[in-house]
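Enquirer: Below are the structure tokens for one structure; questions will follow.
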Amino acid sequence: MKYRDLRDFLAQLERQGELKRITAPVSTRLEMTEIADRVLRAGGPALLFENARHNDAPADMPVLANLFGTPRRVAWGMGADDVGALRETGELLASLREPEAPKGLRDALAKVSMLKAALWDMSPKTVRSAACQEIVWEGADVELSRLPIQTCWPGDVAPLLAWGLVITRGPNARRQNLGIYRQQPLGPNKLIMRWLSHRGGALDFRDHAQAHPGKPFPITVALGADPATILGAVTPVPDTLSEYQFAGLLRGSRTEVVKALGSDLSVPASAEIVLEGHLLPADDPRAVAAVVPEGANPPPATGYEMALEGPYGDHTGYYNEQDWFPVFTVDRITMRRNPIYHSTYTGKPPDEPAVLGVALNEVFVPLLRRQLPEIVDFYLPPEGCSYRLAVVSIRKQYAGHAKRVMFGLWSVLRQFMYTKFIVVVDEDIDPRDWTEVVWAMTTRMDPVRDTVLVENAPIDYLDFASPVSGLGGKMGLDATNKWPGETSREWGTPIHMDEAVKRRVDAMWDTLGL
């Protein structure tokens, strides 16, 4: 099914028994996380806390959690019937990234039709008025504490805005970038924008600071957009395609957007809540000077307002280190009447990002096959923090093939530049079955010959196990059968029962009393 907005999606989930309304009072401080975590681990429904308590008082709006807490709900949000159907989404993205030469006139017309749908028919539709601007808070009315922002873990430095869809545009870009970056409230109208340097929003900001130094950088943050737009922001969309366009392809209709009240950025017209504002130059009267704790490194000299972010409990299952990030000053907050605050938590897998990773794994396979057609299957186990460990099965064709695949995976998509461990197995091994993977590792690997170690490679700065922040090692494990040139020994032959015997036993099975 396709969904016009978040409320349309929630209505469908409720009809399917996939949404639970909770009327008992529940605090946004810790209690909501504990409930959501228990329900997610049990494969339970999305949760709508209708009697949320925030800062020891009733919240002004309900809180939605665990929206994408199962792979099936992720698939539904992307317009698919089940997780397996997301392979088709991956095929579409692969074609948009690198179209193959047409095989004939009919195929050429089909490819032209697809590109037309992606690049023109699904360009966002701008509307003059929108539900997301029915209510406007400006000036002294801007107070972030009025939003029921969760405090997720006991050691968190502050509440954490975790599902904000951050919308930016670089100075030379025609398309807007949508990304999801966590944000730490600093006061009534300020949030720390934690984005990593390779992410789209950070790149847009870098380009703006270089092209227009000393000028405020406009940003909007949408909360509670329709599911296709939310999921488009976490999918590896080609740089030539807007996430709004991709959301339109998923939905089957153009994404409706409206111009922000204070900038030229376009926001999802049906979003529940929108924050508008800027990253301010450090010398702007509204900017606050950075406070450097004793013993801490000073902020980088960006020329913009910066603050020390964290610590927060993260998707790794640990509290992360503090680091400096730019500060987002909120000029106004717009929202629908009776808005819903969309929230989540991150913690030791499984959490909601880990579930998203399981579902999006199906999208990655066709993208990877376009670059490495020998790939049979690819798996990012959620317990590996969704991206730090990958298992890939291949149709091995020559000695050294597994090593080529390792380095290819580290290079093909930005999403895998932080993958620390890659295990390569043959096509007879199911990479999603640990019993088979471990069997292959223990019978087809020599620890010295078949281990590839790479030093001084890019690593997620949240990875405190690396010797230097942002830089560390990688390991590739070749658990494939070895070819001549890789070994001089006679290689083992796997044991298989005769098929005729298996059929005879199948026929007599019911008579055996087993």
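Note: Cβ is positioned from N, Cα and C throughout, glycine not excepted.
A quick note: this is a predicted structure, and the numbers were derived from the prediction, not measured.
Okay, these came from Swiss-Prot:
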ACT_SITE  D314  active site, proton donor
BINDING   N177, E243  Mn(2+) binding site
BINDING   I180, Y181, R182, R194, W195, L196, R199, G200  prenylated FMN binding site
Enquirer: Max Cα distance spanning I180, Y181, R182, R194, W195, L196, R199, G200 (prenylated FMN binders), Å?
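Expert: The span, Cα to Cα at its widest, is 14 Å.
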Enquirer: Compute the mean position of the Cβ atoms of I180, Y181, R182, R194, W195, L196, R199, G200, which form the recorded prenylated FMN site, and then list in sequence order the other residues of that chain whose Cβ is within 8 Å of it.
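Expert: Everything else in range on the chain: V166, G179, M193, G201, A202.
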Enquirer: So if I draw a 10 Å sphere around the Cβ of E243 (Mn(2+) binding site), how many other Cβ atoms end up inside it?
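Expert: So the Cβ neighbour count for E243 (Mn(2+) binding site) comes to 26.
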Enquirer: How big is the gap, in Å, between the Cα of Y181 (prenylated FMN binding site) and that of D314 (active site, proton donor), rounded to a whole number?
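Expert: About 12 Å separate the Cα atoms of these two residues.
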Enquirer: Which chain-mates of R182 (prenylated FMN binding site) that are at least 6 residues away have a CB under 8 A from its CB, listed by sequence?
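Expert: The list for R182 (prenylated FMN binding site) reads L160, L161, A162, G164, R194, Y312, T346, given in order along the sequence.
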Enquirer: Cα distance, D314 (active site, proton donor) to L196 (prenylated FMN binding site), nearest Å?
Expert: 14
Enquirer: Validating a neighbour-count step here. Other CB atoms within 10 A of the CB of R194 (prenylated FMN binding site): how many?
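Expert: Around the Cβ of R194 (prenylated FMN binding site), 20 other Cβ atoms lie within 10 Å.
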Enquirer: Checking the contact step here: among the recorded positions W195, G200, D314, which have a Cα within 10 Å of the Cα of N177 (Mn(2+) binding site)?
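Expert: Checking Cα-Cα distances against N177 (Mn(2+) binding site), the recorded positions within 10 Å turn out to be G200.
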Enquirer: Could you tally the C-beta atoms, other than its own, that fall within 10 angstroms of the C-beta of R199 (prenylated FMN binding site)?
Expert: 18
Enquirer: Please name which of the recorded positions listed here, I180, W195, D314, is nearest in space to E243 (Mn(2+) binding site), Cα against Cα.
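Expert: Looking at Cα distances from E243 (Mn(2+) binding site), the smallest one goes to I180.
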Enquirer: Can you grab the distance from I180 (prenylated FMN binding site) over to the residue listed as 'active site, proton donor'? Cα atoms, rounded to a whole Å.
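Expert: Distance (Cα to Cα, whole Å): 14 Å.
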